[in-house]
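**Student:** Handing you this structure, nothing more for now.
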Amino acid sequence: MENTQRPSFDCEIRAKYRWFMTDSYVAAARLGSPARRTPRTRRYAMTPPAFFAVAYAINPWMDVTAPVDVQVAQAQWEHLHQTYLRLGHSVDLIEPISGLPDMVYTANGGFIAHDIAVVARFRFPERAGESRAYASWMSSVGYRPVTTRHVNEGQGDLLMVGERVLAGYGFRTDQRAHAEIAAVLGLPVVSLELVDPRFYHLDTALAVLDDHTIAYYPPAFSTAAQEQLSALFPDAIVVGSADAFVFGLNAVSDGLNVVLPVAAMGFAAQLRAAGFEPVGVDLSELLKGGGSVKCCTLEIHP
């Protein structure tokens with residue numbers, strides 16, 4: 001069961017992990033000129049936060065006693081929406097539904113690639129109604145939604161890197177769903193165990209920057225998962241705790257421009273050093289529900 005107490009950011013975090021890299025070490029730029037990065041036009045889906053609220057606590061970031069300003073959430077969300085349009089991307093808008101406050105976290109609704117749409121099967125009953133809403137939307141835009149027998153929480157735990165899917169498990173998505181996803185998509189799936197409930201979805205601890213490059217926060221993963229990531233992505237950007245705990249890795253990249261929480265300043269510097277263009281946005285009101293940029297953004301892969 002997830003710890004629903006609000007996270008503590010004091011020094012006990014450092015003591016908890018035997019494996020720890022200091023932020024100053026992690027943020028050090030690599031020697032040499034950065035690689036040339038090329039943006040690619042993307043298609044996204046988003047759901048306006050018209051009914052956003054923290055009405056229950058199903059992750060450590062949610063505090064039902066903390067007030068939520070829906071108008072601020074809507075303004076921050078709209079800024080993100082306009083940022084994608086300004087960068088040249090297209091955005092499908094999904095109609096929000098009253099009683100489903102977490103629909104704004106559209107990435108969790110499914111996984112779409114190669115004309116195949118897998119609809120989420122949520123772990124918590126509070127979000128079960130979203131599956132029907134997203135399946136209906138998928139059908140309305142021409143897909144035939146595919147369901148899984150086991151829990152999968154969409155792009156919250158399923159991230160595409162080139163022609164490979166990185167798949168998280170440990171808190172939400174059932175590892176047994178990974179084989180189902182691989183069979184449906186016809187793509188290799190790499191299972192990665194998450195071990196810190198504050199990083200309950202893969203997209204809170206790992207960001208895909210282009211078809212060959214990722215950034216991640218190692219302490220969120222098991223030792224075996226860290227070894228897998230190190231072997232698969234030896235040039236990955238390793239992010240420190242200061243940026244991880246403001247959900248800096250809950251980011252969206254088009255291959256050049258990386259939209260990320262504005263508070264993740266160290267990660268932004270790392271991105272610049274690696275040849276990317278960080279684009280900071282403030283989604284602090286939506287972070288109260290345990291989500292940020294990527295959570296609000298479902299990428300529709302071609």
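Note: Cβ is positioned from N, Cα and C throughout, glycine not excepted.
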**Student:** Given that Swiss-Prot lists D102, R172 as binding substrate, which residue among R127, R149, R198 does it place in the same site?
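**Tutor:** Site partner of D102, R172 for substrate, according to Swiss-Prot: R127.
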**Student:** Between H201 (active site, proton donor) and C295 (active site, nucleophile), what is the CA-CA distance rounded to a whole number of Å?
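**Tutor:** Each residue's Cα considered, H201 (active site, proton donor) and C295 (active site, nucleophile) end up 9 Å apart.
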**Student:** Taking just the CA atoms, what is the gap between R172 (substrate binding site) and C295 (active site, nucleophile) in Å?
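**Tutor:** Per the Cα atoms, R172 (substrate binding site) and C295 (active site, nucleophile) stand 14 Å apart.
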**Student:** List, in sequence order, the same-chain residues at least six positions removed whose CB sits under 8 Å from that of R127 (substrate binding site)?
**Tutor:** I58, L100, D102, N108
**Student:** Other residues near the substrate site, CB within 8 A of the CB centroid of D102, R127, R172?
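**Tutor:** Near the substrate site, the remaining chain residues are I58, Y105, N108, A120, F122, R123, F124, E126, E130, E153, G156.
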**Student:** Hey, what's the widest CA-to-CA gap across D102, R127, R172, the substrate contacts in the record, in Å?
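**Tutor:** Answer in Å: the longest Cα-Cα distance is 15.
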**Student:** Sequence gap of 6 or more, C-beta under 8 Å: which same-chain residues meet both conditions with respect to C295 (active site, nucleophile)?
**Tutor:** V104, Y105, T106, A107, N108, G156, H201, D203, T204, N250, L286
